[in-house]
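K.L.:
If you look up TrEMBL, you'll see 44-293 marked as domain 'G-protein coupled receptors family 1 profile'. Positions annotated as transmembrane segment by TrEMBL: 26-53, 65-85, 105-126, 146-171, 200-229.
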Amino acid sequence: MEAESGANGTAVTEFILLGLVETPGLLPLVFVLFLFAYLLTVGGNLSILAAILVEPKLHTPMYFFLGNLSVLDVGCITVTVPSMLGRLLSHKRAVPYGACLTQLFFFHQLAGVDCFLLTAMAYDRFLAICRPLTYSTRMSQMVQKILVAVSWACAFTNALTHTVAISTLHFCGPNVINHFYCDLPQLFPLSCSSTQLNELLLFGLGVLMAGAPVILIVASYIHVAAAVLRIRSAEGRKKAFSTCGSHLTVVGIFYGTGIFSYMRLGSVEASDKDKGIGILNTVISPMLNPLIYSLRNPDVQGALRKVLMGKRALA
């Protein structure tokens, strides 16, 4: 373990990430699976983004937010998986202290924007179904851009606060992290100084970053459900609910894994379970989002066919 006595009190200069498995025979399989998942996620999300850009039918607020969500999904998986694949190839598990904190910052930045974007999408569905007459003015292009900009600003404040707070901790002893990326719940037990304030900060900001959006999403969908149930035709009800189903599925996966990750601090026994939750959070969720939004959406399917067939037509 490399250590030095710096002016900022940080003795540990690197952390050792144990990764997903310690059995050497399984490492090639893990590498292939995660490389495939990464390529599938990036390809799927960029395809959705291309479909939204080329299809005029999809130039609506809902798909503007979905396009932003696709960019975030690519970012989220890129923050964690390529560095893990690099360590598997090089057989080096050490991560410099600065690189660990940088990864932590960008992960919380992108995940934070995800929280607010999913809320903006719920608000969009509420306006479209419950306030159709004023929808175009209430969800103008300017409003859409403001919602995205505010999402980035709030997430940046949250990520910077956590990164600065953890940089004040003193790491002087163990530096082994039983995970495949750097995150707050795994770093807290390694600190030689008290993490009580950091844990309170994580809980308090977690309630603001996740609790408030969940309340707004639930409130939006209560109004949406009430409005849809007032529609007399079964076909009308089905059409209104179909635009909400995909979004609710993504919300369930995203917040479900997030709550498990950050609201269970201090449990050493849960470290192996945390890896599974981490895979759900950083790999499975971004990989599933394009499938969830395209499988039951004929407009997206048509636009994707255009993107793929367009290349053949040009050839």
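Glycine is no exception: its Cβ is also placed from the backbone N, Cα and C atoms.
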K.L.:
Residues of the same chain, at least six outside the transmembrane segment (65-85), with any C-beta under 8 angstroms of its C-beta?
P.N.:
17, 19-20, 31, 34-35, 37-38, 41-42, 45-46, 48-49, 52-53, 95, 99, 103, 106-107, 110-111, 113-114, 117-118, 120-121, 124, 144, 147-148, 180-181, 250, 278, 282-283, 285-287, 289-290, 293
K.L.:
Would you mind giving the whole-number mean pLDDT across the domain 'G-protein coupled receptors family 1 profile' (44-293)?
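P.N.:
Summing pLDDT over the domain 'G-protein coupled receptors family 1 profile' (44-293) and dividing by its length gives 88.
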